[in-house]
Amino acid sequence: MDEWRPVMAMLVFNLISAVMTALVKEALQQGLNSLVLITLRQLVATVFLAPIAYFKERNTRPKFTLDMFVYHFFSAALGAALSQYTFFYGLKFTTATFAITFANMAPVLTFLISIALRVESLNMKSKAGTAKILGTLMSFGGVLLLSLYKGVAVTHAAALSSAHHAANSSQVGTTTDKRTWMLGTVSLLANCLFFSFWLLLQSRLTKKYPALYSSTAIMFFFSTLQAGALTVTIERHSSVWIVTRRLEILTILYSGIMASAAGFLIMTWCVHKRGPVFTAAFIPVIQIMVAIIDFFFLHEQIYFGSILGSALMIFGLYLLLWGKKKDAAACCTDNKQVDEEADNKQGATS
């Protein structure tokens with residue numbers, strides 16, 4: 001039972017993320033301002049997680065210095081404010097299935113940036129290194145397919161909302177539709193870049209400030225202030241802050257409590273139990289769940305280009321993760337051999 005708990009936990013996390021993506025897509029289409037959503041979502045997450053962090057880590061929390069302030073400020077900007085804004089902006093001009101597919105690019109981009117910054121090593125002569133390269137190339141091939149090739153519709157969701165599509169087709173031309181789709185794609189790619197830089201920043205921040213609950217609560221608080229300031233600067237009308245529809249309220253509460261606060265706790269627990277490779281391997285499952293919700297509840301079309309591009313991206317991701325796992329295993333083996341040799345030398349000397 002203990003072996004299956006992380007699996008069940010990640011499936012719950014995937015379901016939470018899939019429902020959140022579908023809710024946000026529908027709420028944005030009904031007129032909810034994306035910056036207001038980010039601000040209120042982070043505020044809800046702060047209020048939810050702050051008491052937990054205070055009582056759980058009150059005796060182990062490190063001192064909050066100016067250096068930690070700078071780290072948390074940029075962590076909030078990259079991981080919450082900017083990444084969420086670009087994701088919601090891209091989601092507005094694409095579909096929920098398409099948007100969540102780009103989340104699979106985050107491990108690949110993180111790997112490439114890590115190599116460029118020499119955080120990650122790459123041995124091209126080993127099987128693991130070859131798998132990393134092939135996985136990266138396949139993932140980027142999938143992204144190009146998703147961005148440039150839409151293909152024919154393989155579902156008949158349009159029949160469920162034919163009047164809606166007929167009205168749109170009379171007002172929106174093919175050229176305009178392609179431009180908005182490309183704009184959404186670029187925004188989602190920016191989201192992956194921000195998230196990748198955030199992951200690299202977090203790898204240093206967790207070492208300097210190991211109180212994970214407190215660090216996340218502080219990040220949520222800073223991102224609330226950042227998103228709020230950006231909203232006040234861009235949106236001059238105070239009416240955007242008025243949230244009255246049930247779907248909008250539900251989306252804000254759900255994304256704050258479940259997707260941000262609870263989702264982080266689940267992922268942290270799974271990383272602690274089974275490691276980051278195991279946790280990252282479950283990301284593509286979100287896409288399958290979103291596709292089901294997208295088709296049956298939001299009546300979105302599923303296109304051949306999306307299926308082909310998604311398959312390439314997911315297979316490339318698993319190749320990359322397999323290569324990283326092999327590298328980690330080889331590194332552990334080498335360390336053990338070095339320790340054994342050192343012990344043998346000490347024994348011979350004595």
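Each residue, glycine too, has its Cβ placed from N, Cα and C.
Straight from TrEMBL, the features:
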type     : residues : note
DOMAIN   : 7-147    : domain 'EamA'
DOMAIN   : 183-321  : domain 'EamA'
TRANSMEM : 7-24     : transmembrane segment
TRANSMEM : 36-56    : transmembrane segment
TRANSMEM : 68-87    : transmembrane segment
TRANSMEM : 93-117   : transmembrane segment
TRANSMEM : 129-149  : transmembrane segment
TRANSMEM : 181-200  : transmembrane segment
TRANSMEM : 212-232  : transmembrane segment
TRANSMEM : 252-270  : transmembrane segment
TRANSMEM : 277-296  : transmembrane segment
TRANSMEM : 302-321  : transmembrane segment
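Long-range contacts of the transmembrane segment (7-24) within its own chain (CB-CB distance under 8 A, at least 6 residues past either end) are made by residues 37, 88, 91, 96, 99-100, 247, 250-251, 254-255, 258-259, 262-263, 266-267, 269-270, 278-279, 282, 285-286, 289-290, 292-294, 297-298.
If you look at the transmembrane segment (181-200) against the transmembrane segment (68-87), you find at least three C-beta pairs under 8 angstroms, all six or more positions apart, and that counts as contact. Only pairs six or more apart in sequence are counted, and the transmembrane segment (129-149) with the transmembrane segment (36-56) gives fewer than three Cβ pairs under 8 Å, not enough to call it a contact. Taken residue by residue, the domain 'EamA' (183-321) breaks down under DSSP into 119 helix, 1 strand, 19 coil.
The stretch from 36-56, 68-87, 212-232, 252-270, 302-321 that makes the most Cβ contacts under 8 Å with the transmembrane segment (93-117) is 302-321. In this chain, the transmembrane segment (36-56) lies in contact with the transmembrane segment (252-270); the count of Cβ pairs under 8 Å, excluding pairs fewer than 6 apart in sequence, is at least 3. For the domain 'EamA' (7-147), the number of residues in each DSSP class (helix H, G, I; strand E, B; coil) is 116 helix, 0 strand, 25 coil.
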